[in-house]
Amino acid sequence: MVDFARVQKELQDCNKDFEVSGIKVSPKGDTNLTHLFGTIHGPVGTPYEGGTFKIDITLPDGYPFEPPKMQFATKVWHPNISSQSGAICLDILKDQWSPALTLKTALLSVQALLSAPEPDDPQDAVVAQQYLKDYQTFVGTARYWTEAFAKTLSLGVEEKVQKLVEMGFGEALVRSALESVGGDENMALEKLCSS
């Protein structure tokens with residue numbers, strides 16, 4: 001049976017220093033403490049910088065003796081995260097979990113994973129191959145996905161596509177150009193004009 005008193009305390013601990021840690025956890029519904037949403041910020045100096053990533057958290061009946069089930073609700077391009085389902089390949093969410101760990105430490109570990117991918121132990125083989133064989137394209141794609149799916153305040157990708165299509169470029173070509181330059185509208189325009 002889930003230890004709800006512990007979960008309440010963990011939620012309070014996570015949310016009291018949100019400004020410092022960038023980690024926040026809240027119940028998905030009004031009162032259900034077994035289904036939660038976590039929020040992490042993309043680490044500085046990575047293609048995920050500036051993004052806000054939502055993580056779907058389900059607590060099994062055996063929590064805290066069993067690890068929480070976590071998966072990204074925000075699409076992310078990363079070798080250890082499925083680009084299709086958001087599943088996360090991280091040892092502490094599997095066999096290295098300990099009851100001494102908390103939701104906050106698990107989310108901090110997920111955030112650290114964004115900074116330090118492990119392409120030799122991938123969740124998404126396509127992304128891992130790109131990371132190993134064409135790192136610059138990986139970085140551009142990861143930035144593009146962050147812009148497209150994890151940034152709410154900046155001009156969205158669809159608006160950028162619309163603007164460039166209105167300039168007379170084909171939509172497929174525009175999307176490809178934006179993706180190759182990490183979502184930078186000006187660089188995409190330069191690329192489109194020079195091709």
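Cβ atoms here come from the backbone N, Cα and C positions, even for glycine.
Listed in sequence order, the residues of the same chain lying 6 or more apart from Cys89 (active site, glycyl thioester intermediate) and placing their CB within less than 8 Å of its CB are Asn80, Ile81, Glu118, Asp121, Pro122, Gln123. According to TrEMBL, the feature active site, glycyl thioester intermediate maps to Cys89.
Summarising the annotation, TrEMBL assigns domain 'UBC core' to 2-151. Here the domain 'UBC core' (2-151) is broken down by DSSP into helix, strand and coil counts: 58 helix, 26 strand, 66 coil.
Within the chain, the domain 'UBA' (156-195) has long-range Cβ neighbours (under 8 A, six or more residues past its boundaries) at 47, 137, 139-144, 146-148. Per TrEMBL, the feature domain 'UBA' maps to 156-195.
Note: the domain 'UBA' (156-195) comprises 30 helix, 0 strand, 10 coil (DSSP; helix = H, G, I, strand = E, B).
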